[in-house]
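Written out below as structure tokens is the structure these notes cover.
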Amino acid sequence: MALFKLSRVIQTRCNLGVRNVSFQSLDPATRKVYSRFIRVDHAGEFGADRIYAGQMAVLGKTDVGPTIQHMWDQEKDHLQTFTNMISEYRVRPTVLHPLWNIAGFALGAGTALIGKEAAMACTVAVEESITDHYNKQLRYLLDSNDKSEYRDHLLKKIKQFRDEEMEHHDTGLEHGAVNAPAYQVLKQTIQAGCLAAIWLSERI
């Protein structure tokens with residue numbers, strides 16, 4: 001049993017791409033910022049996962065189903081990466097997961113019930129918000145005096161995920177998002193919700 005647990009720990013570290021396990025030895029201010037990044041990004045990717053789950057529940061068998069599934073698969077990978085970081089670095093996750101579980105699925109399914117275009121408008125709104133959020137984190141990391149492997153790993157993963165979120169945004173536009181009923185109102189409303197969710201998940 002002990003060997004099995006050791007194997008799981010080693011595998012997790014390999015998945016994270018980080019060999020040194022002294023995250024707790026970072027200076028307190030840096031560790032606090034990185035923990036906040038990981039907590040809010042984990043919450044955000046969890047919310048995105050639930051949104052796509054809701055969309056697939058409604059549109060999974062339509063012609064846009066494979067496109068949604070592809071984006072969902074990438075979100076699952078993002079979520080797993082931050083789940084690993086939460087566990088490995090002993091970061092406290094947000095206590096709001098039950099709320100994001102319900103709200104995310106409801107948003108995905110609700111917009112999908114309006115129509116494919118509304119679902120894609122939701123994708124555009126959410127992914128644009130996440131892209132802006134990741135860009136802020138990337139600017140912080142690039143300007144940081146910390147040169148640890150944790151900073152490098154976060155920088156690499158957030159950049160990768162930012163680029164994939166932007167691809168999802170563009171996919172939404174390509175699939176008629178702007179043709180959704182009251183597109184601008186829908187987009188702005190969803191983005192206001194995203195900003196509130198980000199603010200809360202960073203702190204609670």
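Here the Cβ of each residue, glycine as well, is placed from N, Cα and C on the backbone.
The model shown is predicted, which means the values in this text are computed figures rather than measured ones.
TrEMBL annotates E75, H78, E165 as Fe cation 1-binding residues; of E45, E88, E149, E174, the candidate listed for that same site is E45. Together with E75, E165, H168, the Fe cation 2 site in TrEMBL holds one more listed residue from E127, E128, which is E127. Within 8 Å of the Cβ centroid of the Fe cation 1 site, not counting the listed residues E45, E75, H78, E165, the chain contributes G44, A48, D49, Q74, D77, L79, I130, F161, E164.
For the Fe cation 2 site, the Cβ centre of E75, E127, E165, H168 serves as reference, and the other residues of the chain with Cβ at most 8 Å from it are A48, M71, Q74, T123, V126, I130, T131, E164, M166, E167, H169. Nearest in space to E127 (Fe cation 2 binding site), taking C-alpha to C-alpha distance over the binding-site residues E75, H78, E165, is E165. Long-range neighbours of E45 (Fe cation 1 binding site) (same chain, six or more residues apart, CB within less than 8 Å of its CB): E75, H78, L79, F82, F161.
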